[in-house]
Amino acid sequence: MEGAPLGPLALRLLLFVALPASGWLTTGAPEPPPLSGAPQDGIRINVTTLKDDGDISKQQVVLNITYESGQVYVNDLPVNSGVTRISCQTLIVKNENLENLEEKEYFGIVSVRILVHEWPMTSGSSLQLIVIQEEVVEIDGKQVQQKDVTEIDILVKNWGVLRHSNYTLPLEESMLHSISRDSDILFTLPNLSKKESVSSLQTTSQYLIRNVETTVDEDVLPGKLPETPLRAEPPSSYKVMCQWMEKFRKDLCRFWSSVFPVFFQFLNIMVVGITGAAVVITILKVLFPVSEYKGILQLDKVDVIPVTAINLYPDGPEKTAENLEDKTCI
């Protein structure tokens with residue numbers, strides 16, 4: 001898939017954060033306290049399906065998206081960061097007659113892609129903007145088409161919600177559309193309440209540490225083959241190591257995000273200092289040139305006085321030896 005343009009999204013994120021911040025600065029009021037209750041957004045997603053006779057049927061898929069204690073839930077199913085594909089039972093509103101707008105509500109099994117992305121607003125701060133997008137893939141085993149995406153933006157700090165709002169944008173311009181479906185995290189367990197033990201959940205890309213021996217059998221729909229039952233595996237050192245490495249990766253990313261600005265500032269100071277010193281030295285050489293070349297050692301002229309050797313034995317060394325022999329004989 002081709003990448004969607006990020007210009008409108010970046011502008012919305014900037015306005016989403018700048019508008020409340022500017023209000024706090026101008027009024028001089030302190031930062032508003034977090035909302036007491038967890039935000040709960042029941043959104044309706046407009047989709048179209050193709051009937052057996054070739055007619056187009058318009059339907060609405062109702063999803064209940066909540067945020068509580070740093071965790072995003074979709075129909076009480078915990079969803080982590082990234083793109084997760086879940087299959088769950090939810091309410092579907094079907095328009096039987098478009099002229100009279102007669103609606104028929106029923107519960108069906110839907111397959112939906114959920115994007116959860118966390119945007120750190122400032123380095124070293126717990127202020128984050130959580131972006132949630134959703135795309136319905138199937139309803140009761142039938143392919144559907146979706147044109148618009150409802151984006152939910154939640155501004156949180158220390159797991160407390162400061163503000164949340166909804167936007168509607170075309171599917172082609174969303175981040176979810178630009179991410180390939182091959183990288184989705186599959187979540188095929190039935191709808192479990194978030195009040196139950198989350199440790200019994202098992203996905204195809206992440207495993208929680210809890211010894212659970214159970215299998216989940218899927219209710220086979222008409223015209224659909226059953227999937228292989230999932231069995232929770234006992235904990236192993238490999239899974240624990242994967243969790244440690246994931247935590248280490250997040251800590252390392254947080255560390256580099258705080259170190260990089262300081263490193264680049266230091267590098268900027270070094271480059272500016274070396275360049276400035278070279279310019280100053282060049283200017284000084286031009287203004288005050290050196291007349292003498294100091295590379296050659298210059299010596300003062302010294303008068304050389306010849307030294308004459310004085311011979312203490314003018315008769316030669318042979319006569320001196322004879323005189324010594326005569327004195328010895330005497």
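Sequential numbering from 1, following the chain as shown.
Cβ atoms here come from the backbone N, Cα and C positions, even for glycine.
Keep in mind that this is a model prediction, so the values were computed, not measured.
Database features, via Swiss-Prot:
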{"type": "CARBOHYD", "residues": "ASN46", "note": "N-linked glycosylation site"}
{"type": "CARBOHYD", "residues": "ASN64", "note": "N-linked glycosylation site"}
{"type": "CARBOHYD", "residues": "ASN166", "note": "N-linked glycosylation site"}
{"type": "CARBOHYD", "residues": "ASN191", "note": "N-linked glycosylation site"}
{"type": "SIGNAL", "residues": "1-23", "note": "signal peptide"}
{"type": "TOPO_DOM", "residues": "24-268", "note": "topological domain 'Extracellular'"}
{"type": "TOPO_DOM", "residues": "290-330", "note": "topological domain 'Cytoplasmic'"}
{"type": "TRANSMEM", "residues": "269-289", "note": "transmembrane segment"}
Protein Cβ atoms within 10 Å of ASN64 (N-linked glycosylation site), excluding its own: 15
Could you say which of the glycosylation sites ASN46, ASN166 has its Cβ with the most other Cβ atoms inside 10 Å? ASN46
If you average pLDDT over the topological domain 'Cytoplasmic' (290-330), what do you get? 58
Spatial separation of ASN46 (N-linked glycosylation site) from ASN166 (N-linked glycosylation site) - C-alpha basis, Å: 15
